[in-house]
Each structure stands twice: as C-alpha cells, then as structure tokens.
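Colleague: I grabbed these lines from TrEMBL:
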type	residues	note
BINDING	E88, D199	divalent metal cation 1 binding site
BINDING	H125, H150	divalent metal cation 2 binding site
Amino acid sequence: MAPIRMIDIAVNFTDGMFKGIYNGKQHHVSDIATVLSRAWNAGVDRIIVTGGSLEESKEALAIAETDGRLFCTVGVHPTRCKVVAIGECGLDYDRLHFCPPEVQKKYFEKQFELAYATKLPMFLHMRAAAEDFCEIMERNINKFTGGVTHSFTGSAEDRDKLLSFHNMYIGVNGCSLKMAENLDVVRGIPVERMMIETDSPYCEIKSTHAGINFVKSLWPSKKKEKYDKECLVKGRNEPCLVRQVLEVVAGCKGITDIDLFSATLYQNTCRVFFPQDLDAAADALLAGRNESQ
C-alpha cells in the first residue's frame with residue numbers, strides 16, 4: 001500500500017503561537033512555513049485551517065491561499081474554492097462566560113441555513129452540551145450534506161447520539177485521548193466514522209496521557225525561549241503530530257495495519273470535505289478489507 005497519508009482536519013494557524021507570540025509576548029519569529037514543512041515530511045497531505053469568528057475566518061482563508069494543500073472553514077458566506085466547510089460552529093457550555101446558552105443555540109441554528117444555501121458540510125463543536133446540540137442537529141438534519149464533530153471529549157452516550165446521525169463523523173485529537181475512560185469511548189467509534197486532527201497549537205498528546213505508550217513517532221523539542229526551527233516548541237502542538245493521534249487510536253483499538261487504517265481515515269475525510277477527490281474504487285476496496293478484519 002502507498003505510504004501513509006493523513007489529513008489534519010483542525011489547525012488553528014490564526015493563533016498567536018504560530019506567530020511566535022505567547023501570552024502577549026514575542027518569543028520567536030512567525031514559523032508557519034517551518035511547521036508546514038515538518039507536516040508534509042511527516043505524511044500530512046492536507047490541512048484544514050479553522051476559524052471561530054468573522055476575523056479568524058478571514059485570516060484562515062488568507063492563510064489557506066498561501067499553499068495548495070491548505071483549506072479552511074468559515075463562519076460567513078464562502079466566496080472561494082479554498083473553503084471546504086461551514087464552521088467552526090456549535091455549542092460550548094463549558095465557556096458560558098463568553099456567551100450564554102440561549103444565544104449560542106439561536107446562532108447555531110442559523111449556521112444550518114448557511115450550510116443549506118452553500119451545500120457545504122459543517123465543522124462542528126460540542127462541549128458539555130450534547131442534549132441541546134443533538135436536538136438542534138435532529139431538527140436540521142436535512143439542511144447539510146455531512147459534517148464532523150471535532151475535538152470530541154464526550155461520553156459513550158454522547159458518542160452514540162452523534163453516530164445516530166448518518167452523515168456525522170467524529171474528530172479525535174489529543175484531548176480525546178487523555179484518560180483511560182476517553183480511550184474506552186474512542187474504541188467504540190467505528191473507523192469508517194472517524195477523522196483525526198491536532199487542533200494545534202492545543203490538544204497535544206502529553207506524557208501523562210493514557211495512550212502515550214502507543215506513540216511511536218517522536219520529534220525533538222525545545223522551550224520557546226530557546227527556539228530552534230529544527231525542533232518543535234515544547235508545549236505547542238502542531239500538524240506533524242497528527243501522526244501520534246493516528247498511532248494512539250490504532251493502538252487503543254488494537255489495529256495492526258496502520259496503513260489501511262490511515263487510508264480509511266483519509267477516505268472518510270475526502271468523502272465529507274473533498275468529494276471530488278474520492279477514489280470510488282479505493283473506497284470500495286477499503287470497505288471490503290475493513291469488514292474482513
């Protein structure tokens with residue numbers, strides 16, 4: 001089988017850390033180009049740059065237009081082919097100091113109108129809000145072609161609610177893999193309904209995480225105060241590390257054929273965000289091989 005190819009479906013390149021700014025202080029030069037080079041060398045084939053506001057959406061689009069392998073989500077009406085999804089949008093009841101639930105629900109509902117008008121899939125966020133989230137989803141299920149609920153950290157019950165929507169996938173990153181209980185939940189996500197991501201610069205897999213022993217791919221790192229472009233910045237996640245997410249999920253699910261696993265995840269992502277690139281013959285082959293395992 002061809003070398004491992006991965007799509008990181010969530011990178012926050014609009015975050016100041018990729019400009020060398022941490023807590024308002026400049027520690028090193030902007031290094032997105034260096035970060036991208038590491039990602040491509042690690043087997044990352046494409047990256048979706050996310051935006052959570054109007055300004056971030058504009059910046060995400062501008063970043064995506066600098067490289068043919070970068071794409072983006074937007075929360076406003078898309079005008080360019082680089083846009084592959086509506087989002088990031090959803091409900092987050094862990095951060096009510098930013099926005100109360102009723103306001104969140106009102107405007108989440110409106111995002112489905114945009115998805116319906118553009119025929120684009122949705123890039124979704126659900127945190128401590130599964131009941132309201134799924135209720136709104138059910139009401140609007142026919143208004144969008146498909147989507148992913150990214151950075152999933154919910155319970156087995158939350159997982160099963162999401163999987164009950166035929167056009168919904170679940171995005172997994174380091175935050176999804178922290179505790180043994182998280183790994184149990186991830187084991188129950190069918191590989192054909194999963195995508196992987198870093199959500200960088202956040203959600204790295206740490207040495208304290210339950211699945212750390214499954215990690216095989218390592219890079220040298222240095223503190224931001226001793227920045228070296230040949231090394232990762234300690235404590236800052238980046239797209240090359242989506243390889244570690246692949247390894248931990250494969251390990252916790254007992255998957256030994258990581259090439260096939262990565263190819264399945266790649267096809268899942270293309271099915272939703274890059275349907276023009278979906279190889280129907282390879283898709284059928286993968287489906288058959290997965291059923292035989």
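Backbone N, Cα and C define each Cβ position, glycine as well.
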Colleague: Where D199 (divalent metal cation 1 binding site) and H125 (divalent metal cation 2 binding site) are concerned, what is their Cα separation in Å, rounded?
Modeller: 12
Colleague: Fewest neighbouring Cβ atoms within 10 Å: which of the binding-site residues H125, H150?
Modeller: H125
Colleague: Using the alpha carbons only, what distance in Å do you get between E88 (divalent metal cation 1 binding site) and H150 (divalent metal cation 2 binding site) once rounded?
Modeller: 9
